[in-house]
């Protein structure tokens, strides 16, 4: 979630800095790309539609944990390419990020569900394993545990939104609020 917090903070600061026309003209004037932000946002927001088609194949091929690892690596790639802002680094990394968003969230949901199922089996059926009886848990009996696991995950996820505000508070707070 730390990587996602850094990603959100980066997008926030990028949109604020690129809103200034002077910064845009100095940074992108010689490249002839005044609309690089729209191309990046299109890469991040449109390519997940195509990702709906290949997500199950990727998760079956790589597995849940490896898919999460690779997708978080693509988030880190996107953040690192923003230190060398060029068209050939920003737009391809934005498209790669858009292609990794759907597999990341699908594998994360799958992983949390499997953890809740395994915890339910461990906590309710460990005494039956000692007796030698193998019995499957009833369908949907892990739902209360799934609710708890999802609540814990999403509380940390929303905490990453608060962490994403930290660069804004520390670096841009005195510059932006004095102008209002």
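Including glycine, each Cβ sits where the backbone N, Cα and C put it.
The shown structure was predicted, so the numbers you read here are calculated from the model rather than taken from an experiment.
As given in TrEMBL:
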type	residues	note
TRANSMEM	66-84	transmembrane segment
TRANSMEM	90-112	transmembrane segment
TRANSMEM	143-172	transmembrane segment
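If you look at the transmembrane segment (90-112), the same-chain residues 6 or more away from its ends with a CB under 8 A from one of its CBs are 36, 39-41, 43-48, 50-52, 55-56, 58-59, 64-65, 67-68, 70-72, 74-75, 77-78, 81-82, 146, 149-150, 153. Same-chain residues lying 6 or more positions outside the transmembrane segment (143-172) and placing a CB less than 8 Å from one of its CB atoms are 1-2, 4-9, 12-13, 16, 108, 112-113, 115-117, 119-120.
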